[in-house]
């Protein structure tokens, strides 16, 4: 083992990439009772015959390999060669050579080896060889106890130059076998096979190994002749033993033949009818050529005198195992025949053999493991959210359009746990898990992070900080209103004068600007008038020397005196008496405004009253009376705003918060409702119908419409298979095409085109000089069959809803279909039409558990199906296997001195692979609450993709005299509450509701505090005690949630927890979609004051320390006010 690890560490990267292969072993996440083992295998590239004979398997796995595999096993090696003295090809132109060869680790299992390896916690590693005359392809097999799944994640196996990485993959199956995306548990009882209608049928891959053991109980040839009805003699002296099988890579050993085990019977039947099993072709070897030399007999072992085994010699790519055991000897004569097909046909009595290893599909009866719902939790982590999904029975599918779902799964006890990260929390997180749509409301995560941050900042008083934080962190306007209310109460006596002073300073600044601007405008108007008068009477005010326009007469006289003498009239600086020089000086002169300022001083300003600026200066913002008035007014306004904003914004169409009670409708005319309802939504309508003549007479009306149920009568078409198409050319020089039986003749689906006696000099290999003899057989066959889905054809489809009406004391229910009505004495409820994507004749294909939804096929092949069509390879229930047709044309391609090659111009891609490539072009659908049999499927649509047109008419002709009194009496008691107030997830209130005076009563129970109601549940009460759970969203820290019926509520209420940093549970969309309408009034001003009072009382009763802390802060602000703004002292006159 250490040499293997050292070699693996020293090899280069390129070598490792070229010679490392994967072997994947699927493990369920629970350990079965019994000696359950898991197995896997992998195909390896070819080696030369000499290298193959030196192979020894090695393992670095922490489970020891079974010791018996290290023993040397001897076999009879049979090869063929051309005769040296033959000039033309015929049945005598080649010969066989027998010899003894030894292998270590070849697939020659001993009696009780697998059972001992389970008890001793050892692995069984071995290999098989499929070879021709020059090279062999190894196939490595491994059987380990199921406990290895809990002990290892991966390990390394070495075989010659190759390294096999064994990867233990956890499936989401509890104990079953993963097939078609579902977990299948086979049943070994024969009675289940006889009553197939009661059980499911699945095609499971099985691997079997021949165990040679001399004992009269193991007369396998006798069992074969009995099963085939042959009349062979001397079966007692033939080989004895049995096959040990692992079903689906995960099962306890199955022993064949065994009459009491149906699984063994199916395996034994498969070995007899298709003894070669699945081929060993590597990818790219689907198209290959065989050159058949002919049939020949050999001596097994080579020391016997007579020939006792018939074989067929070939040259080309080896596709089937070269190991077998002679059937004619009870001594266990093992055979290694590279380049020869041994005769495995058991319909003849002599010269045949049995396969050492068999691999193929068998049909078994059993049941599928139930699909359990998921629980999804999320918590904030950095900038995003960290989420976990749990499911009791495993998670078969989990996706999210906005999260990074890892494929590395972990298991915790009997539940599967998958962790994933969501990068964004600015929108709700949507997760599809086990066919259910879960929504994580990230608003609650943000609330929790806010509470955590505030509590951490004020960690000296964690209780007080938490109580304040849960109010401040409510999202939206309500949180800001809470912050404003607390700040005003605690620090308003300091902040009000400070804010008022800041506002006064800003106002005085603008008032000063306005006052200065007005004075300047008045002075400019005076200058303009002076200038206009001067120009009218004496002329221009422009200096003749410097051309400067003067504003006053005094300025003009100064220019006339100074400019002529070359002086500046403003600063008396000497300059050249030219216009250019003087104008340049004016640009830098600092005294050009001298005459303007002198004039401004002589102008007497207009007397202005006190004005805005003076009024602002005189405002007494430090007055205690002013501060008290503003503090009280702000508290009242902010309390009203806080209460009005305390209602949580609803998610349409879930719930609209309203006040207590039920709306009333005066029946002047018939009451008619006409609307469209999504298929996933429930609808509740509740009103009091009042007499238009007498308002005191009323009748209670309650209508409940359940979500849409879809029921389809179907025909079970069976299982759809994926497959690989193989094209093989088989050429032999002489004889008719029917002379040889090729291994693919035993495949479930095959087709052959023969070109008999058509050889010519231009279409012959060099060793086949004959002309007009022999055969070229072009064979098509399907292998690697894998069931991928289950198909149902819709015969008829029905959309229905259950409708219940409570009219007074009258209670009636009915399930109505599309275009159907429910008519009572006073009400008529109709489904006028349904918008749907299902129609008669469609085919529903489920590529996995039916709980995960399926695909709708409008054009599903029904009769003549070609390979590549939907339904090309089908396994119908209780009917023979259906193979596709191959409509393409064959062509025999010939070249001089080469073996002919067959070409096929038809489709070579399976229908399943074509559907996967274009799956986005098909309509899909999700399912919830699905129930199914072979004849009928019923489910509900969780996405609301379908819609019903609903029409409700309530007649105005109501006998109010007799119907006004309702004898039903309802008693209410709040029993328990879970969840949090003010959060996006909400709370669940459990109510104990008692009903007396009538047997049944359809009504609604609400979850309310003193002011408004946050959720309701429509329920049919039975006489006695009833438990009702109501889900609501909203409320505040002071809300005491009660169970209410109409305006009557339970005597006591319960307070929900505060939103915190706990994990947020996902909401099932199917449970979340309901439309409730009872016409109750919205919350008004009185309701707001009730909410404010309830909040204050909640703080006092819940955590009175918070109130003390707030009062201490208020006192501190008053002291600070007296220091910063002391009271003005008035002197005595």
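A Cβ is built for glycine as well, from the same backbone N, Cα and C atoms used for every other residue.
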Check each of the ranges 627-647, 648-668, 669-689 against Swiss-Prot and return the one annotated as transmembrane segment.
627-647
In Swiss-Prot, residue 588 and residue 1126 sharing a membrane side:
yes
Which range of 605-608, 609-612, 613-616 is motif 'YxxL', per Swiss-Prot:
613-616
132, 560 - the residue Swiss-Prot records as N-linked glycosylation site:
132
Pick from 568-585, 586-603, 694-711: which stretch is listed in Swiss-Prot under region 'Binding to the ribonucleoprotein'?
586-603
Name the secondary structure element type, per DSSP in three states, that contains residue 387 (disulfide bond).
strand
Coarse DSSP state, helix versus strand versus coil, of residue 737 (disulfide bond):
helix
Should any of the recorded positions 233, 775, 861, 926 have a Cα within 10 Å of the Cα of residue 132 (N-linked glycosylation site), which are they?
none
Given the recorded positions 349, 804, 926, which lie close to residue 233 (N-linked glycosylation site), meaning Cα to Cα within 10 A?
349
A 10 Å Cβ contact count, applied to the glycosylation sites 132, 233, 345, 397, 926: which residue has the minimum?
233
Tally of DSSP helical, extended and coil residues in the region 'Binding to the ribonucleoprotein' (586-603):
10 helix, 0 strand, 8 coil
Could you pull the average pLDDT for the topological domain 'Lumenal' (648-1103)?
83
In the chain carrying residue 861 (disulfide bond), residues 6 or more apart in sequence that have Cβ under 8 angstroms from it:
869, 870, 871, 872
Per 10 Å Cβ neighbour count, which of the disulfide-bonded residues 374, 737 ranks highest?
374
With an 8 Å cut-off on Cβ-Cβ distance and a minimum sequence separation of at least 6, pull the same-chain contacts of residue 865 (disulfide bond), or say none.
871, 872, 874, 882, 884, 885
Rounded Cα-Cα span from residue 433 (disulfide bond) to residue 345 (N-linked glycosylation site), Å:
49
